[in-house]
Amino acid sequence: MKDPAISIQDLHVSYFGNEAVTGVSLSVNTGNLVGIIGPNGAGKSTFLKAMLNLIPKDKGAVKVLGKPITEVRKSIAYVPQRNDIDWDFPITVLDAVLIGTYPHLKLFRRPKKKDKEWAMECLQRVGMQEFSKRQIGELSGGQQQRVFLARALAQKADLFFLDEPFVGVDVSSEETIVNILKELCRQGKTVIVVHHDLSKANDYFNQLILLNKELISFGTVEEVFKPEVISKAYQGQFAFMNEIGVSL
Amino acid sequence: MAFIEAVMQYGFLQKALLTSVMVGIICGVIGCFIILRGMALMGDAISHAVLPGIAISYMLGVNFFFGAVISGVITAIAIGFVSQNSRIKHDTSIGIMFTAAFASGIIIITMLKSSTDLYHILFGNVLAVRSSDMWITLGISLIVLAAVYLFYKELLVTSFDPTMGAAYGLPVRFIHYFLMTLLTMVTVASLQTVGIVLVVAMLITPAAAAYLLTERLWMMIFLASGIGVISSIVGLYFSFTYNLASGATIVISSTAIFILVFLFSPKHGLIWKTLKVKKKRASLV
């Protein structure tokens with residue numbers, strides 16, 4: 001049997017003793033497009049970062065493709081939240097995508113012509129090739145997110161982790177991004193997305209992780225995207241529930 | 001010009017010129033990474049923090065280079081430790097630690113009552129550069145330039161998107177302290193030309209001017225070095241001709257270049273930006 005893309009056992013994360021993620025266990029098979037949803041402050045991004053061992057965890061074991069994360073880092077692509085990036089950084093669109101080839105370059109090696117061509121190809125896939133010479137801050141939010149997706153594609157990864165990729169993104173960019181993510185899954189890649197907007201969660205993903213510090217529910221969209229399940233995570237946010245047409 | 005003749009004629013002036021040109025180059029290079037990582041204050045802190053190390057080196061009779069690097073790196077670690085383990089913010093932690101290091105340096109030097117001239121360490125005295133100082137500066141310059149050339153990829157990623165770097169397995173924290181070590185070495189190299197107090201200007205001002213001129217990191221590095229070199233030469237000229245402290249004249253030269261760039265940079269300059277806004281508004285009337 002194939003190893004699951006990610007298996008997590010009893011994951012605990014806290015900030016100075018304040019629980020952010022408690023006792024999450026789950027296992028995601030390859031080829032899935034998984035959304036992590038939950039109310040604000042539910043620990044979605046923390047969960048993502050702890051999975052990747054980017055922040056210290058208090059307890060728990062995470063295996064990626066059946067191995068400890070440190071052994072498979074090169075098959076992982078991570079796209080940070082947009083506000084984590086300094087958009088005034090002196091870097092062009094193409095050079096930003098080119099960074100995606102760095103994980104596979106040896107120490108002291110520079111990207112070669114074929115790496116640049118590959119970066120350009122990735123830019124083409126997200127429809128941004130004509131912007132290759134622009135400074136990244138000159139783009140709109142949606143264009144910036146597409147460039148970062150191109151960088152992730154350039155990494156030739158097996159697993160993709162995206163933190164809130166649709167925040168501040170225009171409708172057509174969002175569509176482009178979702179289509180590419182779905183295509184990646186058809187190719188057998190696994191995509192994990194932190195997502196804040198419940199209304200589209202059922203269109204975009206085939207599995208959902210519903211989080212509110214602890215794991216409320218995990219399963220296919222049909223299993224998780226039910227009013228009685230969702231409301232468990234969103235206690236006290238009834239106005240929002242009405243907005244998306246869930247009656248309680 | 002009398003200055004050029006004097007440079008031809010006097011060995012001490014040649015040494016001063018070569019040393020300050022090298023310092024201009026490496027300060028520009030490291031300065032780019034310092035300002036892009038938002039660590040300008042850290043640059044100031046580390047440059048001050050080398051003082052106790054220098055004092056203790058004199059006391060033990062070893063080369064001050066080693067003491068300076070050790071006390072610079074210890075201070076960098078202490079700053080990180082305090083801000084990560086309490087609610088104290090990073091800039092506050094910097095303020096606490098570097099002043100503590102600097103103050104202990106002053107006390108040690110005063111207690112030693114040695115021939116060490118505190119004034120020259122603090123403010124530089126480029127015209128008194130000895131051959132040995134020049135060679136140390138050359139050695140440091142080669143190390144710094146080689147390090148940045150060889151680890152350019154890693155420095156770029158960890159400056160631009162450290163989380164991505166960590167996600168694909170770069171030792172982000174180690175690279176931070178590696179850069180702090182390079183910064184300390186640059187500070188040591190700059191002691192004779194601009195002195196501890198003003199090193200931060202040579203790190204930040206040329207790099208900031210370059211930042212307003214280009215959208216590519218490698219170009220920014222070259223421009224910052226170039227601006228650093230020009231500032232050093234012009235500053236040295238004024239220092240020699242009017243008998244002024246070299247650190248001060250070099251820094252003022254770089255500030256003058258920064259002001260010019262700030263006003264006239266083709267893309268980010270204040271003047272062009274204002275004109276563009278005026279033009280746009282006029283077209284809408």
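Each Cβ is built from the backbone N, Cα and C atoms, and glycine gets one as well.
Taken from TrEMBL as is:
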- B:12-36: transmembrane segment (TRANSMEM)
- B:56-82: transmembrane segment (TRANSMEM)
- B:94-114: transmembrane segment (TRANSMEM)
- B:134-152: transmembrane segment (TRANSMEM)
- B:164-188: transmembrane segment (TRANSMEM)
- B:194-213: transmembrane segment (TRANSMEM)
- B:220-238: transmembrane segment (TRANSMEM)
- B:244-264: transmembrane segment (TRANSMEM)
Contact call for the transmembrane segment (B:12-36) against the transmembrane segment (B:94-114), three or more Cβ pairs under 8 Å: no
Segment proximity, the transmembrane segment (B:56-82) to the transmembrane segment (B:164-188), 3 or more C-beta pairs under 8 Å: yes
Distal contacts, the transmembrane segment (B:220-238) - CB-CB under 8 A, six or more residues away: 3, 16-17, 20-21, 23-29, 31-32, 126, 148, 193, 202, 205-207, 209-211, 213-214, 244, 246, 249-254, 257
Segment-segment contact (the transmembrane segment (B:94-114); the transmembrane segment (B:194-213)) at 3 or more Cβ pairs under 8 Å: no
